[in-house]
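Q: Mind having a look at this structure? Questions to follow.
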Amino acid sequence: MAKIKKRGESGAAKNYITRNQALKKLQISLSDFRRLCILKGIYPREPLNKKRANKGSSAPASFYYHKDVQYLLHEPLLVKFREHKAFAKKLARALGRGEWALAKNLEDAKPIARLDHLVKERYPTFTLALQDLQDPLNLVHLFSTLPTNPIPGKTLVPSEVIQECSRLISEWKVWAIKTHSLRKVFLGIKGVYYECTVPGHGGEPIRVRWLEGYEFQQHVPHDVDFRILLTFVELYRTLISFVLYRLYTEENLVYPRLWTRSWTSGKGVSKKEVKRAIKGIAAGVSVSAQDEDDDVEMDGETAEVAEEDFVERPSKNEAELSRRHRRTEQGRFDLPPVRALHLLPLRETSSRTWEFVIRAMGGRVVTAAQAPTLEGPVADGITHVIIDRPMTAERMREMQKGRKWVWIQPQWVADCVNRGKVLDAEEYAPGKLLPPHLSPWDGEGELERPWLDEINESGAALTDAAGEGEDEEEGIEQDEQEDSEEEEEDEEAAEENTPEYPPALLAAGVSHAAFRSQLKEATKANAPQAKTSKSAAGKTAAAAAASGDDADLRKIMMSNKKAKLYEKMKYSNRERAEEKEKLEAKRKAIEKRKAKEARQAGKA
């Protein structure tokens, strides 16, 4: 005898599980479950039949795969969540009893959840991590621009998270400057879009694109759930740290950098670093020492590091060093001819954006801290001045002091990066109308739609046909004008050569010249009617073709059921039209027969 199937033990009811059932199975809170799903990459599913998946109930619910929830049962983070829950209870009890020493000991032994195993699990290869690096960079950039002075009870983002995001972005930009991997820049409405070429697994170049907002004051909204965003930021910070460690190691550099480790740990701070920090606080900018070949210096918010901050990792043998050198050279790309340019961005330009772009392309930036009075050898080496506001020619000559500076607008730098060469600066002079700044990724990533190409071809054919019809009409008009001019010339010659007409024509009361003029006017009057009839026929044909294309498009977007109904409607409309034509033909035949009979009766 076959085994009787019970309801709810197979099919959708077994494959799916509701969120409440998952919470009971995992024995965690809703916030911990939401955080765990974000970190593990598990999201709700939509079953084909919700009623069957919910075992006959029609109540609204969120569904997950049963196998995904079973997979979460063995997650090590669950143990950390339970430890943190027990720690919170102990800390609250100690604070309630006033046991401050115990509370301090508990705070020092607070359980910390690490996400290293999740990064290795979700990104098995380095190429996969680079391909998914766009969202992490965007979100970390966003958090790095938030205000660092939190308001108690209002700002939900800790200042430590903001500082950590700023540090990661600084290290990412420092690597891009060191390797000269920046390839494209676009100034959009939301901010500045960058694209770097990063060598992936086996030296394969991977394009990484990210968005950086403009330097405006950021207001923290109150209707945003920062708990969810902070969960994403926690995972993304770990991912970016892994990627930066790999990139810095391939460049034979130490990561994290020595000055970062010394400031965070509070040990081993040298006098040079203290002087640099004091100078940065006084000037508002982190001014770092320059190297003769390539200096790396940026403002206090981003990455301001000189070549001396890059500490090479010592290698044990020469074979390993040569192997790393070959791998590094494979990831490098040819630089555009920008290395010899020294640019001075004035104070109205965005120093964070343009210093990064210029240095990433191999150029050098002269800041106001280096040349406060625009005098000396530093000012003499300036080749271009970036200006973003109107300035009189007298003021420009006063600042130049006889030097040959090229005054440009900031868009010149972005267009040079996108074109891969130094462009002519005449079109980008101050006060001139700039050329259009188009996206370098225009049309990239669009889906292939072959039917749109067919429609475009048909539309082009229609326009060509209409153009040919117009050309024919213009040719007819030109021929008519030439004929009329020839006729006029013939008339004048005839009037000169034949002084008198035959007496029979004069007896009729109409001269030959008057007869020719009347004939010419009648011909011109009939020509527009013929032209309008031709143009009307062409327009009707074009309208019919366009309506046919629209009908085909509508049919493509319909479902099978609606398409069949549409075909039935078209068939019935055709039947009615044919029946109407038959009746009209019969009516005309009857009317013609009756008229003929009436004429015959009248003659009789």
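Sequential numbering from 1, following the chain as shown.
Quick reminder: no glycine exception, Cβ is built from N, Cα and C everywhere.
TrEMBL lists these features:
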type	residues	note
COMPBIAS	311-328	compositional bias 'Basic and acidic residues'
COMPBIAS	467-498	compositional bias 'Acidic residues'
COMPBIAS	530-548	compositional bias 'Low complexity'
DOMAIN	357-430	domain 'BRCT'
REGION	309-328	region 'Disordered'
REGION	462-553	region 'Disordered'
REGION	573-604	region 'Disordered'
Q: To what whole number does the mean pLDDT across the domain 'BRCT' (357-430) round?
A: 80
Q: Using DSSP, what is the helix/strand/coil residue split across the region 'Disordered' (573-604)?
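A: So the counts come to 31 helix, 0 strand, 1 coil.
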Q: What is the number of residues in the domain 'BRCT' (357-430) that are helix, strand and coil, as DSSP sees it?
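A: Across the domain 'BRCT' (357-430), DSSP assigns the residues as follows: 28 helix, 8 strand, 38 coil.
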